[in-house]
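J.: So that we are looking at the same thing, I have put the structure below in structure tokens.
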């Protein structure tokens, strides 16, 4: 029966059961009982064992066994027993287990706390655990500085340093590297909030500038809707930050989200990690993690538990291959030796040794016997220990914090793997040790600005910001402007074609005004021709914005305004063509719908307003703006189109109108047109379409200072195609062919045309 109980204890110490049965526990009797609280299962339903923590309680039992079997004995004629609970990582379970250590009775295997047993009631003198919780006497994983406040937690000790020392260690690293600007990212929980606030206080005292401080919500990593907005805001801050280092003092789940976003945004920075994620294999295995830049971190002093790995190897026979270790499937407990870490496991081992040393002093033990019995309160004596465990010297200060410091780690990252190396140490006394070559390298770290910008301290702040260089200087992007006296590009180059176009348009307008009552002006559209001339004049004036120095006003008045005005011009031509077709259309079936369209003002207004609304939306949502484009030795100031979609629709709308004019004009050539109006419109619209078809691929592929020149050329050719092909021939008739600029000449031409055609209906089906 005894062998059966021993077998059950070894093979199945944590038996899965339902939450309603209460916390599971393991009890081994002894003269002095040490309690243990460990999150063996991940959830309270105990469906999944936490592989990394399953071995923690085994480290405790190994250390106790080592003390009991040591020769000479640490506690002669006394045996240490243990009473270990599975808290499932739940604070409620941890509290219930703590009460259970005071009153419950247990079997020799982990069983529910209300189980009936004949085992004598234990009296736990000290409790080790719970990870990340204040429910313990000696903790191996809780770092919160609040636990150092003895008025609130008078019985709390720990075998790793508090966040107070961690923040001092981070500040010391920043000082050692001679960095002057940092950014701090924390979280709205006990760990991240107090840690980040203490960092801010320390940096303020050290006169180190805080570029920004960002406190993430406590549920940042689980609330996707909240995380998205906060993450976008954080990425914006990081992109514009001039900090030499970004400190992430928050839990690993939050850092996982941040790092993935940094990879997507191509952010390469220097990161300083707190002990919650500095050695996280989950974060180190993120795809593309090497792209985020350089990572430094702090972790409680790491060491192997002496003899534990050999002990587990001798007891178990692991059959898993190395490739299986990363599997998310349930793992054979015999293979847990492969998951032993060097920080928490060692902290548990040290905790047991500290208890044993405190008991040895309290009970006045020598190599043969102990002078007192086992009825005592051990806490006060444990606080007084001052001895060496393996290579670690340990004692506690008045706050119950140990003398154990931190290892400083650096992530050596390549595309294929991440190797987390220990590169230095920090002690609570304030001493820090780092390689001299690394210090020299990090002291020369400079923040790069965009081309044409330099780092400069603003008048109302302490942190340097990237600001544009002076007009007569230039920066290649290394944070400093050089006085190179760069010559500004000559934007006021030849304006001959613009001026000539304006002069000709004005002269044509005057000539049309003088002959406004003649048949040829009426044939062109009458009062619509003056609206057409006005739009052409405005389009010629707009070309100055393409050749001038780009500004917000010139960018807005460029292509969007041209699109609106040229639409007005084409709509006038289209309305005029509809009038001609209606006048000479004799097919009653097809002319009915044309007559309904014979409302020139309405046609122009509808067509014009559609383009106007489109361009207003363009200017409202994503308008063209001036943008500096930096090259090796030049700064090019040009207009960014803003929305490519609106730009394309604007051009497409005008092209559609021009094509409609082309079709109407082409068919109109069959009509009796004395002034060849339809023929000239056909040519002008064809030119417009060809110009913009050629313009688009050139415009897309063209970069640099010639982009605006291409735009101006396309606008000028479009204007001249209307002016020269459509309106100039009418001016020739007014000046040199006055004899055909009469109603009699038109009537005679129409009579001869139909006589020649034999009276047949034109433009019929």
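Each Cβ is built from the backbone N, Cα and C atoms, and glycine gets one as well.
Automatic prediction, not curation, is the source of TrEMBL annotations.
From a predicted model like this one, the values you see are computed outputs, not experimental measurements.
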J.: Looking at the ranges 495-514, 735-754, which is given as transmembrane segment in TrEMBL?
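T.: Checking TrEMBL against the ranges 495-514, 735-754, the transmembrane segment one is 495-514.
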J.: Would you confirm whether the transmembrane segment (559-581) and the transmembrane segment (495-514) meet the contact rule of 3 or more C-beta pairs below 8 angstroms, pairs 6 or more apart in sequence?
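T.: Contact criterion not met.
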J.: At a threshold of under 8 Å on Cβ distances, which of 601-621, 646-666, 706-728 pairs most often with the transmembrane segment (495-514)?
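T.: The stretch with the most close Cβ contacts to the transmembrane segment (495-514) is 706-728.
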J.: For the transmembrane segment (601-621), name the stretch out of 526-547, 646-666, 678-700, 706-728 with the most CB-CB pairs under 8 Å.
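T.: Highest pair count goes to 646-666.
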J.: Looking at the transmembrane segment (706-728) and the transmembrane segment (526-547), are there 3+ C-beta pairs under 8 A, with each pair at least 6 apart in sequence?
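T.: Yes, the transmembrane segment (706-728) and the transmembrane segment (526-547) are in contact.
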